[in-house]
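Student: First, the structure itself, so that you have it in front of you.
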Amino acid sequence: MTAHSLIDDIRAAAPDLRGRLLENQSLSDLTWFRVGGPAQVLFSPADEEDLAAFLAALDPSVPVTVIGLGSNLIVRDGGIPGVTIRLGGKAFGSVEIDGETIRAGTAVPDMRLAKAAAEASLDGLAFFRGIPGSVGGALRMNAGAHGGETTDVLTEARGIDRNGAVRSFTHAEMGFRYRHSSAPDDVIFTSATFRGRPGDREGIEAEMERVTAAREAAQPIRERTGGSTFKNPKGGKAWQLIDAAGCRGLIRGGAQVSEMHCNFLINRGGATAADIEGLGEEVRRRVREHSGFELHWEIKRIGVESSEG
């Protein structure tokens, strides 16, 4: 099925869609690495109702991929077949606060969530200041930093499943563990509810400043990077294992292991997704041979490899 026929089929099945529907849309500008091929079809729904109608009408055989801010992501050079969904706009990007409860759309950047909580003098969410992703990604991988994790503050998540049905998940139903959630893979999260605790605004903002300073001092945040590349294995720290295996500064094509922080890969300029993923696999191989530790990707890799070359 060609991109043209797929988008025509979608328009025929769901003629009343209000969101933006594009074909053969480049995704490289939507990822922090600035690499990757096109989406066969890219859909940006107008709101939750629009998303539900889209999924209900979509042929079940069409694969669906969801992307957020693109900070923890490698889109392979061959692009993403089927439909790629990206949430954005006011419908998915608002934050509402009622007492100690914070409700945020899943397109809200984690850093903005932390700022909103601080402005409401709600403590417990300052760690989000150190996470360069969105609320949706935080739900999917139990994102955390500086001693805090999503599981510590989430009370409920809401989303749409592949059939277009609205689903709600309690904290227990999310099944959080280290950098993982057991929520069904086909659910596209649309909002989340968090609970903070009353605190001192100045103290919370000071903590956020400390988080920011620590991140800037230790991580290559000015580079084109996807964030932490590998999960910390039990009994070790990824960056130390990578450094001990002699991988600091290692280069493959336009990709490099950061000199500043070994658990970050960077696009030096002109890198392909294959360069970055291939470098990561080489790092995994060297760490395995040097220490016996098996590193597992924290960065999500999606799409198909390029057929060129």
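Count begins at 1; order follows the chain as displayed.
Even glycines carry a Cβ here, placed using N, Cα and C.
Copying in the features that Swiss-Prot gives for the protein in this structure:
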- Arg179: active site (ACT_SITE)
- Ser228: active site, proton donor (ACT_SITE)
- Glu298: active site (ACT_SITE)
- 34-221: domain 'FAD-binding PCMH-type' (DOMAIN)
Student: What's the CA-CA gap between Ser228 (active site, proton donor) and Glu298 (active site) in angstrom, rounded?
Tutor: 7
Student: How far is it from Arg179 (active site) to Glu298 (active site), counting Cα to Cα, in Å?
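Tutor: Per the Cα atoms, Arg179 (active site) and Glu298 (active site) stand 8 Å apart.
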Student: What average pLDDT does the predicted model assign to the domain 'FAD-binding PCMH-type' (34-221)?
Tutor: 96
Student: Ten-angstrom check, please: count other Cβ atoms within 10 Å of the Cβ of Ser228 (active site, proton donor), all chains counted.
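Tutor: Its Cβ has 22 other Cβ atoms within 10 Å.
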Student: Sorted by position, what residues of the same chain at least six away from Glu298 (active site) have a C-beta under 8 A from it?
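Tutor: Glu298 (active site) has long-range Cβ partners Asn72, Met141, Arg179, Gly227, Ser228, Thr229, Phe230, Lys231.
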Student: So if I draw a 10 Å sphere around the Cβ of Arg179 (active site), how many other Cβ atoms end up inside it?
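Tutor: Other Cβ atoms within 10 Å of Arg179 (active site): 17.
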